[in-house]
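Participant: Straight from TrEMBL, here's the annotation block:
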ACT_SITE  Glu435  active site, proton acceptor
BINDING   Thr153, Gly192  FAD binding site
DOMAIN    27-147  domain 'Acyl-coenzyme A oxidase N-terminal'
DOMAIN    289-450  domain 'Acyl-CoA oxidase C-alpha1'
Amino acid sequence: MVQNLNKNIQEGDNPDLTSERLTSTFNTNDMAAQIWGSEKRARRRREISAKIAQMPELHDSKPLPFMTREEKIMESARKLTILTEKMGQIIDPTDPAELYHLNNEVLGLEGNPMALHGVMFIPALSAQASDEQQAKWLPRALRREIIGTYAQTELGHGTNLQNLETTATYDLATQEFVLHTPQITALKWWPGNLGKSSNYAVVVAHMIIKAKNYGPHPFMVQLRDEKTHEPLPGITIGDIGPKMAYNIVDNGFLGFNKYRIPRTNLLMRHTKVEADGTYIKPPHAKINYSAMVHVRAYMLTGQAIMLASALNIATRYSSVRRQGQIDKSQPEVKVLEYQTQQHRLFPSIARAYAFQFAGAETVKLYEHVLKEMKSGNVSLMADLHALTSGLKSVVTYQTGEGIEQARMACGGHGYSMASYISEIYGVAIGGCTYEGENMVMLLQLARYLVKSAALVKSGQSSKLGPLVAYLGVKSEPTSLIDRIPNSGFTEYVKTFQHVSKRQTLKAADMFFGLMEKGEKREIAWNKCSVELNRASRLHTRLFIVEAFVRRVNEIADIRIKEALTDLLHLHVNYELLDIASYALEDGFLSASQLDYIRDQVYLYLGKIRPNAVSLLDSWEFSDIELRSVLGRRDGNVYENLFKWAKSSPLNKTDVLSSVTQYLKPMMEKARL
């Protein structure tokens, strides 16, 4: 029966939230299987959550917003130690997805003392260390005998790797590299867990041999004594201070004063330096992209999870919050009944699904490219690097937008840390700058698009990569949206392709034209950078739409397919409306078609309304993971919000010492 399709209904739940769940048209467990990639993966997430629920030692000892930063770090280290001992009882430690879910449940999104150990340090060793080096360091890292991070960004330079200032100069006499920080801007700055937790790091430094600079290379570097954890001589290290969010992680600074490491600490899977200083370069210049691409590929699903978390909170709360009347003769309505609230939340729900599906597809592409690289084919890495640069930029920006809209959709209570949305936002929005600043990432994709445009203009469209093949296909003169019955999403995809192609060729023409007029390449590039970034955004949004369409087309379950098709309809119409000016410029879309697209947005807001809560329940976030009073699974918000407020440390006493010491004497003096 329909009443049984949402698996989150329990006795004692808020009746308004239960009524939302009873209107679900699909089985939420089946939808979870689509979100997480398989029925087994979704089931394992539920099993892990159930185990954690029965282990109070892994729960927060008190709400995180009421802890100081040092208390949060201590709490996280406490739970991390327990997890290390009991991990095998809860998950398969070799399964990255299970480990990721375990960390989210127990340690949370504010980070932990080993946050970078698993996502940057170990992958760097796996991808760039030789077999011999891996045998030496990787087992120790996996057993957590050592804690590591990845130190690349500096105080003065981040994205511009070629201008990093830390040096590693080879000493031929001792067969050592001498790491040095020549000036303050060369300090490593921002690496997570560098400040206080890690005792090792993969450090990126310019490698100098016999006075020749070979550019940035990764080195395995011990930072602290393994017994005392004190910094080693020649090392200056510490925490950079509090941040907008993510403050359990001790982002740090690191400086070297002629610090020596063995030659064999250069990570040598792709690059080697012989004892006599002979440099053996990697087989392909793009091979070192793998670490960056790895992180960016997995960032997409991480951003989708944070967006879905915030939307879960806002949509559940909008289902129990009653405010105002649509019909004055009727009682107050749920906030979710207002079309403005639906328009604020539902397109972002569609984006969360779109990002999750695009992220899963990108991870598969990355795994395929890795296999190709092992057999010597590195040609696809540049294509994937370009794609992930664009995805990283577009997804992080739109995720930040969606989370902030979710916070505002909660009204005043969304501003409270009890909602926890502000922390989700603070962590997610960091993605706009770490692992490459977004504007720079878009320009990296633009370089790939301009090269592709040059192939089109020179009649070599057959050489285009699969991700840009549409640039060589002749477009229809106008869009056929609203003119071909039952065309599915084909005409929408063609419209996205048209605007992306047109903007790419337009930006490329502008760039080539400036150079033909005598501008230096770099100057011409800068003058076109806004138009180039627009092309990158459009190309990226096209890929996201295509990935969403591909995923929905693969689904066999009718109920799931219908629900996701409604979501996809909302997505393509909302996104197309957002970029409509590009299609109106050359008449590809007409004003009447724009009206049709707008009407479709409103139509699908209404169609999605009965499934809104269930579409988010399907992500199966536990209360432990959400850490939100407003987003409680049971919907019993108000009594728990009061309980949460009473637990504030300020309420331990009725009269604060600040009142006794300052305010009370001030008032008494004023009464005289």
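For all residues, glycine too, the Cβ spot is worked out from N, Cα and C.
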Participant: For the recorded positions listed here (Gly192, Glu435), which one has the lowest count of neighbouring CB atoms within 10 Å of its own CB?
Facilitator: Glu435
Participant: Relative to the Cβ of Thr153 (FAD binding site), which residues of the same chain, six or more apart in sequence, are found under 8 Å away?
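Facilitator: Listed in sequence order, they are Lys188, Trp189, Trp190, Pro191.
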Participant: Which residue counts does DSSP give the domain 'Acyl-coenzyme A oxidase N-terminal' (27-147) for helix, strand and coil?
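Facilitator: The breakdown for the domain 'Acyl-coenzyme A oxidase N-terminal' (27-147) reads 89 helix, 0 strand, 32 coil.
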Participant: Give me the Cα-Cα distance between Gly192 (FAD binding site) and Glu435 (active site, proton acceptor), rounded to a whole Å.
Facilitator: 12
